Structure formats: C-alpha cells, structure tokens
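The structure appears below as structure tokens.
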Amino acid sequence: MSGAVLRVNNLQTQFQTRGGVLKAVDGVSFEVGRGRILGLVGESGSGKSVTGYSILGLIEPPGKVAGGEVLLNGKDITRLKGDAMRQVRGAQIAMVFQDPMMTLNPVLKIGTQMIAAVRAHDKVSRKVARSRARDALAKVGIPSPEERLDAYPHQLSGGMRQRVAIAIALLHSPAVIIADEPTTALDVSIQGQILAEVRRLADETGTAFVWVTHDLAVVSSLADDICVMYAGRVVESGPAADVIASPRHPYTAGLLASVPAEHEPGTKLPQVPGSTPSLANLPQGCAFAPRCAKAGPACTTTPPVQHFEDGRTALCHYPIEPVSCQPLSLTSTTYRSAS
Amino acid sequence: MIGFLIQRVLQALMVVIAMSIIVFLGVYAIGNPIDVMIDPASDQALREALIQRYGFDRPLFEQYFIFMNNMLHGDLGESFIYRLPVLNLILSRLPATLELALTAMLIATCLGIPLGLWAGYKPDSLSAKAIMGFSVLGFSVPSFWVGLLLIMVFAVELGWLPSGGRGPTTEVLGMNLSITSLEGWSYILLPAFNLALFKLGLLIRLTRAGTVEVMSSDYVRFARAQGLSEGKVVSLHVLKNISIPIVTVFGLELGSTLAFAVVTETVFNWPGMGKLIIDSITVLDRPVMVAYLILVVFLFVMINLVVDLIYGQLDPRIRVKAAS
C-alpha cells in the first residue's frame, strides 16, 4: 500500500518523570489509505490515545515525541514547529475526542465555535464561514442546522454534540481524522448511527480515519484494518476481518475471547488474567508474557515482528497458528464497505 | 428574565430592610448622643429640650418608624456636627471616593487580568513565578504601610507626585472630579495605586487559577486540534470561561472599595466618604453613621444585582436555570 495518506514509522513518545523516562509509545508503525478506517485497539494505558495526540503534535511537556516519523502524504510532520504545525491541525489532520460533553466550550454557541474553526485556516468572512458551518452540520445528519448554530452545547444531546464535533473535524475536508474513542460515552443505538455515518463519510469523502478504541465490537463492525496495541507497542496488525476471525497474537485472542457477544450464556466469561503493566516497570522482553498462557523461555527477550500472509504482523515468539473457520462476527451489524 | 429581575429586586429590598433594623439598633446601643453634643455644664432643662427635639424620649420602635418614614421621603436626618442634611453631606463626598475607587479598580483590572492570564498560560516560567510572588506581596503587605512607602519614594525622595490631597477639580454632570485634568491625575495616581494593590494581587491569582484550569480542559485541546492559534484560544475560550469568578470578585471589591477606602483616604488625606465616616464615628455623629451604613448596604445590593444580571449574559446555563 504505497498510496497511504498517513504513515507512522517507528513513533516514540516519551514522558519525562521523576521515576525516569516512560515510553508511552514505543516504536509504533502503521499506515492508513484514502477512505480507509484503521482501528487502533488496546486497553487503557496501552498508548493508543497518546499515539493520536503525538500525530497531531499535541503532546504537552513533560512529554515529547522522541523519535520516528509521521508522514502525511509522504511529508514528515513531526519536525514542523509552531505555525506550520498549526496549519496542519484541523486542515489536514483533524481530531475528534472521547467525551462530547467536554469537547465543546459550554459558554460559546455552536456557531461561534465552528466559525472560529473555519477561520483558523481560511480567511473568509463570518457569513461565508457560517454557511460552511451549516453545510458541515447538514453533512453529518443534523436536522435544522441553521437553528443548531445558535444553540449552546448543553441544549444538544450527547450524540448530537459528537456529530457537531465530527462536523467541525470535517470543515476543512482533512486527509485524516483521528477519532479518540468518540462513541464510548454514547448509547449503543446512537453509537450505531454515528458509526454508520462515519463509514459513509469515509467512503464518500475519501477521508482516512484512525479510530482509537478499546471496543473490539466497534472495530470489528467498522474498521478495514486493525492495530492492537499493548504497553506502547503494536502487538498485532492486519485486515480487520482476518484479525478478528483468526488472531495470531495471544493478547488479541484473549481480548476476543472476553467479548460477551459470542459467549455461551451461563458459563464464566474468559478474561485476560492480570492487568496492564505500569509503564515505569515493564517486564523484560515481551511486556505481555506475565499474563500470557503461551509464554515460554524465549519471552524474556524482545519478541520479533513476525510477518504473515496478507500483510499481517504479530509481535510474538509463539504466534497462534491460523485457523480456517467461519468468519466470526462480534455484532450483527457491519459498517464495513463491500470493497 | 423579568421574573428573575423582580425576584432579585424583592430580595434586595428585604436585605435593605433587615440591614436598616440592625444598623438602627446597633447605633442606638452605643448610647445617647446628647451627652456628647452639649456642653457638660449646661442645665437639665436644655438637656430635656434637646432630647425631646430629637425624639429620643420616644419608644425605640417609634423612633425607627419615624426614621424609616423620613428615609422613604429622602430625608436621612441632619448631621449633629455639620448642621447639614446628611444625604447632601455624603453625596458631596461621594465623587471623590467614586473616582478614587474606579481608578483603583481600573488599574487592578488592566494589570491584573493580563498578568494573571500570562501566569496561568505559562505557569512554570520564571516570569509567572515573579508575578505570583508580587501578587502575594500585593495582598499581604498592609496598605497603610505601602501608602507611606509610596509617599516616601514618589513624593519625598523623587518629588514626582504630590504627597496628598485632591488637587484641582472641575464640575462634570454636577460632580466635582479631578481626573479631568492632568494635574488632578498626579494627585489621584498614588492613592489609587495604593488602593489597587490588594485587588491586583487578588485578580492575578483568580485569573491565573481560572486560566490554568481552562487551559487543561478538553475544549481547549479540541480548539488546538482544530488549528486555532494560541491567541485565539485565549481570547475566545479562556477569557469568557474565567470571567464569572472575576466578575464576582470585581463586584464585591468595587463595593468594599467604595465603602471602606478609609485607610488609603486617611494616609493620602483624600477628602472622600471614608474620612467622613471615621470623623463621624469619633464624634458620635449618629445620623451620618446610620445614613452612611444604609448607603453602603444599598450600594452592595445594587452591585450584586448587576453582577447577577451579568452572570446570565456570560453563562447560558445560568440563564436556563433562572428561566425555569
């Protein structure tokens, strides 16, 4: 896939703390093509959100991007400073955050916030900016957008607010939108609507999405590709359907097994034992080894990246053998495009 | 909105009535003013006549109702000392205090908010720490001492500014003001700065605290992710969100500055209301004390009413609550 819009190469993000350097993101690589949706999956603390912020250059001290590249249409943006980086944000790479209750300023009208977002990159009159804002609201399926422009955030529901946030992200038709768990705070029914909307937008506008989430069900129904992160590293990647159907990394397999959807009622739900290790105190070698049923003597050394067919990878000494069975579906709905 | 206004005005009225009773009782408790007013050598007949003339022989509640009735007719009594209607006496001193207090608030706001914004925007910088250190001095060093120091440095040593008094005034809209002339400004500058210092420290800390909080909020992060410039983030998102506590403190401080600029007015010999009330207390000039306190209550109530109305303009969520 040389046509990648966004390519992340060996990204390193570190936080300087009193206890030493924390490697929140440790050599993460992935790429997203035009109109594709990449699911970046992991537990809390796996570094998936920090990856999102690092791409946009929004890491604040004491954190910093310590190495690697973020190539946007082939151009490295990690070295951009100040105003040059500001011009990328919102215009070429936009972001949507987790909690729609917090991402809109409660004391400013929706219109005011959207007009500011338009005028951050295009020197147009307020009137033009307002009509563009209205069009963006209509595009994400918000009824009577003109009236919504004069509303305050608290007058809209959570789902509506998240649509507004997505509309703001879409204002400048960015090449990439990074979505940081945008449906986590929403009802399942609203979540479904938003996912369908996002899939449609990716297909129609060609915008690439990096969908950061801990919810495998969401990823399985939405994403084209998956990256599973654990303790700051990508442990498994590949086409979403393949990874879900036949995980190669024990951690992915453990996560999939603990999704309740396919589980037989009345029996105990399997779970991944233990919890995410602290970044300050990572185990030697494979960070997942202490929780892993398949761990062997080799796991005290850093695992190699194993490449498989169809461009799949796993960071493991003892990858699981592929199974050939019915593709597994975690939810009854799928938003993945036919392509 | 109208309902909210009526509710607030009624509340304000209750406060004024309650305060008038407390003030009246309090002043009554400090004793009979006749003993102070007349020559100790004068005879009992003169004493009796005066007591009767001022109505001190009547029951307390009757005195209160007479006082309230007079007040509603705009008559707050006559000063025992100056032999002038109290209202005129206080109002003649009001412009001096008003211009001093407003100038002080202006200095505090124009310096305090930008300094606080900077200190909150770059909380770890050396300049921010210097600003915070200055703010601690601002509200912990006693103002009479700072006043004396200002006089020592700027009036005595450097000789740039006069050491006290009010300077020439011109009449504007029936008020004598000194800020209309350059020379008048030279007189007001030191006392106004002295008075501003405490509020400056307060506003810096308040603005900084709000800025730090807003800067770490999700909506500021979202605004940055949209590519808004830092200037726009501060002017659009930060200023409006921190304005509610600032307006609250501004209102309270404006009230207390108007009412209790006593120390600064004394140090700089500024002929304002503060000096009038101190003089009246020393000579037990009862009508002036009562009228002054009632006026202060009225002032505070009015300022808070305005502050409440501004809240609604600043935060739409408060507006919704008030309407329902």
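Along the chain as shown, the residues are counted starting at 1.
From the backbone N, Cα and C atoms, a Cβ is placed for every residue, glycine too.
The annotation domain 'ABC transmembrane type-1' is assigned in TrEMBL to B:94-311.
With a cut-off of 8 Å between Cβ atoms, the residues of this chain six or more beyond the transmembrane segment (B:12-31) that come close are 60, 63-64, 67-68, 71, 284, 286, 289-290, 293-294, 297-298, 301-302, 304-305. The feature transmembrane segment is assigned by TrEMBL to B:12-31 (among others).
Per TrEMBL, transmembrane segment is recorded for B:100-119 (among others). If you look at the transmembrane segment (B:100-119), the same-chain residues 6 or more away from its ends with a CB under 8 A from one of its CBs are 127-128, 131-132, 135, 179, 188, 191-193, 195-196, 199-208, 210-211, 234, 238-239, 246, 250, 253-254, 257-258, 261, 264-265, 270, 272.
Here TrEMBL flags B:131-156 (among others) as transmembrane segment.
The annotation transmembrane segment is assigned in TrEMBL to B:185-206 (among others). Counting only same-chain residues 6+ beyond the ends of the transmembrane segment (B:185-206), those with a CB under 8 A from a CB of the stretch are 99-101, 103-105, 107-109, 111-113, 115-116, 119, 131-132, 134-141, 143, 146-147, 150-151, 154-155, 161-167, 178-179, 242, 245-246, 249-250, 253, 257, 261, 264-265, 267-268, 270.
Using a Cβ-Cβ cut-off under 8 Å and counting only residues 6 or more beyond its ends in the same chain, the transmembrane segment (B:242-263) has close neighbours at 97-98, 100-102, 104-105, 108-109, 113, 143-144, 147, 195, 199, 202-203, 206-207, 210-211, 214, 270, 272-275, 277-278, 296, 299-300, 303-304, 306-307, 310-311, 314-315. Residues or ranges marked as transmembrane segment by TrEMBL: B:242-263 (among others).
Per TrEMBL, transmembrane segment is recorded for B:289-311 (among others).
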Same-chain residues near the transmembrane segment (B:131-156), Cβ under 8 Å, at least 6 residues beyond its ends: 115-116, 118-119, 162-164, 190-191, 193-195, 197-198, 200-202, 204-205, 208, 263-264, 266-268
